[in-house]
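These features come from TrEMBL:
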TRANSMEM  21-42  transmembrane segment
TRANSMEM  62-87  transmembrane segment
TRANSMEM  99-122  transmembrane segment
TRANSMEM  142-163  transmembrane segment
TRANSMEM  170-191  transmembrane segment
TRANSMEM  197-217  transmembrane segment
TRANSMEM  252-272  transmembrane segment
TRANSMEM  278-302  transmembrane segment
TRANSMEM  323-341  transmembrane segment
TRANSMEM  368-389  transmembrane segment
TRANSMEM  396-416  transmembrane segment
Amino acid sequence: MTAVSQPQTDQHLLQEPISKLFWRYTIPTIASMLVTGVYVTIDGIFVGHYLGEAGLAGMMLAYPVGAILYAIGAMIGMGSAALVSINLGQGNVVKARKLLGNAFSLCLLAGGFFALMGGLFSRDILIALGAQGDILENANQYLFWYFALCHFPIISMAFTTLLRNDGRPSMVTFVLILGGVLNTFLDWLFIVVFPFGLAGAAIATMLAQAVTGLLCLQHFFGSRTQLKINLEQMKLKFDNCVNIARVGLPSFLMNLYLSIVLTLHNTAFLWVGGPLHVAAYGVVSYTEAFFYLIFEGIALGTQPIYSFNAGAGRFDRVKQARNIAFTMTLLTAALGLALIYSRPEWLVYLFAGDNPNLTPVAIEGMRWYFWGLPMEGLILVGASFFQAINCSKQASILTGTKLVLIAAIIYCFAWAFGVIGVWISLATCSTLLTLWMFYAMKKVDNRLP
C-alpha cells in the first residue's frame with residue numbers, strides 16, 4: 001500500500017518526523033489522562049477528608065467492581081480505534097466508518113446489560129468480597145449509582161479514544177478538563193454542601209462522565225469528521241463486533257486487571273491486616289494512579305502512530321515510536337520514584353489529611369510497593385504496542401497472564417510474609433512479566449519487515 005492511497009487528512013502520520021508526532025499526540029493525551037484521573041482522585045480527596053477511613057475503605061471496595069465499566073469502554077474504544085486507524089492507513093474509509101458505528105451500538109448494549117445486572121446484584125457482589133457492616137452500606141451506596149448510570153463511563157471511555165484517534169487530541173483534552181472541573185464542583189456539592197456520602201461521590205463522577213461522553217459523541221454525529229455516525233453504520237455486523245472485541249481484549253484485560261488487583265489487595269489486606277490497611281492501600285493506589293495515567297497517556301498517544309504506519313507498511317517508523325515511548329516511560333518512572341521515596345508524607349496528607357493512625361501505615365506501604373513502578377509502565381506501553389499493530393495474541397497473553405500470576409503471588413506472599421508480602425506482590429509480578437514481554441517483542445521484531 002503506497003502513501004498515495006492514504007486519506008489526505010492523515011498524511012502527517014506518514015510524513016512528519018516520529019519525534020514530532022510523539023509529542024503532538026502524547027502531550028495532550030497525557031493531559032487528558034491526568035484530567036481523567038481527577039474523576040477518581042478528587043473523589044478520594046473529598047471522601048478521605050470528609051468521610052474518613054470508613055468512607056475511604058468503602059470506596060476502595062466498591063470502585064474495583066464498578067471499574068469493569070471502564071474496562072468495557074476501553075475494549076470497545078481501543079479495539080475500534082486500532083482497526084479504524086489500520087483501515088484508514090489502507091485507504092478503506094467506508095470500513096472505518098462502519099467500525100465506528102458498530103462501536104457506538106456496542107456501548108449502548110453493554111450499558112443496558114450492566115445497568116440491569118449491577119442494579120440487581122451490587123450488594124451481593126460486595127458481600128462476596130467480604131464487606132460487612134458500615135463498610136458494606138457505604139460501598140453499596142457508591143456502587144449502586146455507578147451501575148445505574150453506567151452508559152456514561154462506557155461511552156466516555158470509548159469515544160475519548162476514538163476522538164483522539166480522529167486527529168483531535170486537543171479537543172479530548174478540553175473535554176476532559178471540563179469534565180474534571182465539573183466533577184470537582186459536584187463532589188463539593190454532593191459531599192460537603194449536601195451530605196449524600198458515597199452516593200454523592202458516585203453521582204458526581206457519573207454526571208461528569210455524561211458531559212464528557214456526550215461532547216465526544218457530538219463530534220461524531222456532526223459534519224466535521226469523515227467518520228460521521230449514522231443509523232446504517234450502527235447496524236451490528238458480527239465480524240466487526242468480533243474483531244473489535246479481539247483487538248480490544250488486551251485493553252479490557254488491562255483495565256480489568258487494575259480492578260482485580262485492587263480487589264485482590266483489598267481482600268488480602270482484610271485477611272492478614274484490617275480495614276486500616278485497606279484505607280492505606282487506597283492512599284497508595286491513588287498515588288500510583290497519577291503515574292499510571294501518564295503511562296497510559298504515552299500508550300494511547302502513540303496508538304494512532306503505530307496503527308496508521310503499520311497499516312501503511314512503515315514498520316521502521318513504528319519501531320522508532322515504540323523506542324521513544326519506552327524511553328519516556330522509564331524517565332517518568334524514575335522521577336516518580338524520586339518523589340515517592342523522598343517525600344511520601346506529602347502524598348499521604350493529600351488524600352488522608354493529618355491522620356495519625358493511617359499515615360505511618362500508608363508510608364510503610366509506599367516504601368514496599370513502588371519499586372515495581374518502572375516495570376508497570378513498560379508493560380502498559382508494551383501491551384499497547386502489540387495491540388496497535390494487530391498482534392493481539394501477544395498483548396492478550398501479556399495481560400491475561402498478569403491476571404493469573406498476580407492472584408497467585410498475592411495470596412502466596414500474604415500467607416508467607418503477611419502484610420509486607422501483599423505490598424511487594426505487584427512489583428514481583430511486573431518484573432517477571434517485563435522479562436517475557438521483551439522476549440516476545442524481539443520475536444515480533446524479527447518478523448516485521
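Cβ coordinates come from backbone N, Cα and C, glycine included.
Against the transmembrane segment (62-87), the recorded stretches 99-122, 142-163, 252-272, 278-302, 396-416 differ in Cβ pairs under 8 Å, and the greatest number is found for 142-163. Between the transmembrane segment (252-272) and the transmembrane segment (197-217), fewer than three CB pairs separated by 6 or more residues in sequence fall under 8 Å, so the two stretches do not touch. Between the transmembrane segment (197-217) and the transmembrane segment (142-163) there are at least 3 Cβ pairs closer than 8 Å, counting only pairs 6 or more residues apart in sequence, which means the two stretches are in contact.
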